[in-house]
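Here the structure is laid out as structure tokens; the discussion comes afterwards.
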Amino acid sequence: MDAEQGKHQTEEEVLQGMLSHRFNYAKAHRSSTYHHTFRTKTRWELVRLSLLIVGIECTYATETAFVAPILLAIGLPHTLMTMMWAMPPIVGVLFVPVVASVSDRLRSSWGRRRPVLLLLGIAMLLGMMLLPHGRAIGEAIGLRSVAWVATITTLGLTTTDFSAEASNGLCRTYAMEVCTIRDQARVLSTMMLIGGLGGMLGYLFGAIDWIALPIGQYFESNEAAVFTANWIVLLIGLVSTLTSFAEIPLPVQEQDAMLRPVTHSMLQNEVKRMRGDEYATQTQLSESIGFRQFVRNTVQMPRSMKILCLTQFLSHMGYLPYCLYFTDFVGAEVFGGDVQAPEHSPAFVLYEEGLRFACWGMALFAGCASLYSLVIERLIDRVGARPVYVGGLMAHCVGMVAMGLLRHRAIVMLCCSLTGIMYTTIYSIPFLLISHYHSKNSFHMKDGKCVESTEPRGFGADVSMMSSVLCLAQLIVSLVMGVLIDAAGTTTVITYVAGGCTLLAALSAMAVLYMGL
């Protein structure tokens, strides 16, 4: 093709040419294990790539449904129970960015993301073993006091939650890097869809009375059975994702420019070059920034990223009270039970009944999140990202306030479905916006036009910031919520805090930079 024809090629045609050229090159000159990076993935391949998210979401579901009751049953008051949830975000805020930065620069022959995901996956599996067996482990080693049992349980919680948070962003980064840029939105929506099914599965595990089943005789408690089922799902998801697609190792990318995944910035540069732009420059591996540059990018964050992170922070501040304490709210306030009442007493039985009912509600929440993920892209295309973002947040706000005021079982179920809409929103639009910013290599606009960024920013590091924001929100909620519950004398306060924070998030979302998305 001559230079004049190249000038008239569309961006899509340029992309197809780049992918086709690299696909044939990888297949003929290097290794057939790399050529898949430059082709479109089938729906089943995207599902297999995303199965770790199923395990992670199932783990979140089991944690959020059972950790609060487990800690309360040990004998902890609400203030101390909620503070136990502070340990994972403290570790997360400190180390999730470190994990992301190490991953960005890892020179393993197995790739940059998969070795880290393997270590985090093993840590999650170990943590899931500790969580339901804190009392049994304490008794086995002679540490029977409430303090030691709570410490062992919290160790399991911290290990599991930190590993899940770090894996969540890293798994999405890995998936987007082994897919073409046209498949990135597809893989994110696939992760949301089957991730919602994973969450639903975890909550359904909690809704089952395992002890009443024949298999229940093999477990010391209902919680132990639920965590075992979750453990199996997590193991299957980890193995499936890590064996799905080989990554192109960083040293190989550095040595051979033809074996670098085609990024948005590479595409834009190639378009400029083919159209004779004298300012087109050779593409660099900007994603492989060092930790020092990562810290600098965090401190000198563009205004658009600051607003997006603030919105995500407030969103999680609104979601986490529901997520962490919903089952306790339903068991205590909707059903009138008491987790610290004597076992088999009417108050304890009511609490257990409320716990299982709450798990059904959260299964509905996860199912609605999964279904909404099927239509959110079409909604964004039709009405734009801003109305979808703000509307999704307001749905949760209205639901939380209604739940707190009415405390009726039917209202609880309805409000759970509204939270599902919000959950899909906060786990899709922010990531799409970050991808959008990087696709244009721009983080702000002037006179209606995107201004190209001159500061290198790691895509994986920017995605991981969303996990860091979640850790910060969880830390604050954990330290404050228990005090508010004890001061108010009721767990209903969680619904009002959740509604207020989500309203602030919706206002912040109005100021987010969308760049036409």
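The backbone N, Cα and C atoms fix where each Cβ goes, and this holds for glycine too.
Source: prediction; values computed, not measured.
Residues annotated as transmembrane segment in TrEMBL: 49-76 (among others).
The transmembrane segment feature in TrEMBL is assigned to 82-103 (among others). Residues of the same chain lying 6 or more positions beyond the ends of the transmembrane segment (82-103) and with a Cβ under 8 Å from any Cβ of it are 67, 71, 76, 112-113, 116, 120, 150, 153-154, 157-158, 160-162, 165-166, 169-170, 173, 289-291, 294, 298, 324-325, 458, 460-461, 463-465, 467-468, 470-475, 477-479, 481-483, 485.
Feature annotation from TrEMBL assigns transmembrane segment to 115-134 (among others). Away from its own ends, the transmembrane segment (115-134) comes close to residues 52, 55-56, 59, 62-63, 66-67, 70, 74, 99, 102-103, 106, 108, 149-150, 152-153, 155-164, 166-167, 170-171, 174, 220-221, 223-224, 226-227, 230-231, 234-235, 238, 241-242 of its chain (Cβ-Cβ under 8 Å, at least six residues beyond either end).
What TrEMBL lists as transmembrane segment is 146-164 (among others). Beyond the transmembrane segment (146-164), the same-chain residues lying 6 or more positions past its ends with a Cβ under 8 Å from any Cβ of the stretch are 56, 59-60, 63, 67, 70-71, 74-76, 80, 84-85, 87-89, 91-92, 95-96, 120-121, 123-124, 126-131, 134-135, 137-138.
What TrEMBL records for 185-208 (among others) is transmembrane segment.
The list of residues near the transmembrane segment (228-250) in space but at least 6 beyond its ends in sequence, with Cβ under 8 angstroms from a Cβ of it, reads 33-34, 36-37, 45, 48-56, 58-59, 61-62, 105-114, 117-118, 121, 124-125, 128-129, 171, 174, 177-178, 198, 201-202, 205, 219, 259-261, 285, 288. Positions annotated as transmembrane segment by TrEMBL: 228-250 (among others).
The transmembrane segment feature in TrEMBL is assigned to 307-327 (among others).
According to TrEMBL, the feature transmembrane segment maps to 355-376 (among others).
For 411-434 (among others), the entry in TrEMBL reads transmembrane segment.
According to TrEMBL, the transmembrane segment annotation covers 469-488 (among others).
Residues or ranges marked as transmembrane segment in TrEMBL: 494-515 (among others). Cβ atoms under 8 Å from those of the transmembrane segment (494-515) belong to residues 303-304, 307-308, 310-311, 314-315, 317-322, 325-326, 329, 384-386, 389-390, 393-394, 396-398, 400-401, 403-404, 422, 433, 436-437, 440, 442-445, 450, 481, 484-485 of the same chain, restricted to positions at least 6 beyond its ends.
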- Message: Counting only residues 6 or more past its boundaries, what in the same chain has a CB within less than 8 Å of a CB in the transmembrane segment (411-434)?
- Response: 172, 185, 188-189, 192, 195-196, 308, 311-312, 315-316, 318-319, 322, 330, 334, 357-358, 360-362, 364-373, 376, 380, 385, 388-389, 392-393, 395-396, 398-400, 402-403, 459, 462-463, 466, 502, 512-514, 517
- With a Cβ cut-off under 8 Å, give me the same-chain residues at least six positions beyond the ends of the transmembrane segment (355-376) that come close to it. 57, 61, 64-65, 69, 189, 192-200, 202-209, 326-327, 329-331, 334-335, 388, 409, 412-413, 416-421, 423-425, 428-429
- Task: State the residues, same chain only, that lie 6 or more residues beyond the ends of the transmembrane segment (185-208) and have a CB under 8 A from a CB inside it; answer 'none' if no residue qualifies.
- Result: 41, 43, 46-47, 49-51, 53-62, 65-66, 171-172, 175-176, 179, 225-226, 229-230, 233, 237, 355-356, 359-360, 362-363, 365-371, 373-374, 376-377, 420, 423-424, 427-428, 431-432, 435
